[in-house]
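Enquirer: For reference, the structure I am asking about is given below.
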Amino acid sequence: MSCLGWFKRRSRSGGSAAKRGASAPVSASGPATTTTTTTTATTASAVSTSRSDDSGAARPASKSAGSAGSSSQSHRSISSLYEERGHGQLRVFGYEELQGATADFSRAQKLGEGGFGSVYKGFVRGADGKGDRVPVAVKKLNQRGMQVIYRDFKTSNVLLDKDFRAKLSDFGLAREGPTGANTHVSTAVVGTHGYAAPEYMDTGHLTAKSDVWSFGVVLYEILTGRRSLDRNRPAAEQKLLEWVAQFPPDSRNFRMIMDPRLRGEYSAKAAREIAKLADSCLLKNAKERPTMSEVVEVLRRAVQAHAEPDGRTPGPGARGKKADAAAPSRR
């Protein structure tokens, strides 16, 4: 599954900021974080420009993606911003220009650091290169530092395109992850029963590992073809995680949990590896769960194992390969 970026924007009044001469943030992305760094557009960031008032004196005016310089202006869409850009009403900065404005993103110019990157103080001139330099805040995005917690990861929110590529939907409950020295985000408990991590349900403490737990539940749903909670099944099988715990990945009867609609046409080796991965995602101690980058690597290896003919299961009616000793309880 591909990594998705999510950004939260709030509309802000530009009138009061203009009177104070406040600097406006400008987003930049360095070579280490993106492959398209030479033409960084600020369509989703605020850009400070210089306007003249009735007296002819120049004063700073704030213009942002979330406001139009007036408190009465509503939130604008990205498409409208691109339309403004086409009419020359929105300033676009190249990466080299922002690099020069911040003295090559000097530490001396650094104002602070957030969840998505570092913020630097810089100075830019008008589009014609004339006039006084205007102070701006430039955020250099850090791809590795971007933390977004989905908070409601489940199969119904994963959409597939015609090529079976997964796309996430419904980001209504997503939250920015912890920043700085913080280890978690405290929030009201929301989400879908059967997918939320136990520590989140108990304390309201949200971390990136909370989504990892939910991903483990989804992995078992894929393997079994069952829902995380199904009241239509016998009492012993209604809760998916309790049911699959009876059939550890290394046990002789592990194949009993596999979706019968597969009719045995799957790699037994890959299925066991994915089940073990799901178990690691479902560890009670959140710190012991893998990161999503580690999850992706294990899935990649499992796909390679699927291509090995020796890993094929002989089918539901035939005797399977000799299993290893039963693994200890996962939870």
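Residue numbers in this text run from 1 along the chain shown.
Heads up, the Cβ atoms here are built off N, Cα and C, so glycines get one too.
Pasting the feature list from TrEMBL:
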- Lys140: ATP binding site (BINDING)
- 13-50: compositional bias 'Low complexity' (COMPBIAS)
- 57-78: compositional bias 'Low complexity' (COMPBIAS)
- 1-303: domain 'Protein kinase' (DOMAIN)
- 1-78: region 'Disordered' (REGION)
- 303-331: region 'Disordered' (REGION)
Enquirer: Suppose you look only at the domain 'Protein kinase' (1-303); what would the mean pLDDT be?
Expert: 72
Enquirer: Which of the three DSSP-derived classes (helix, strand, coil) applies to Lys140 (ATP binding site)?
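Expert: Looking at the DSSP assignment, Lys140 (ATP binding site) belongs to a strand.
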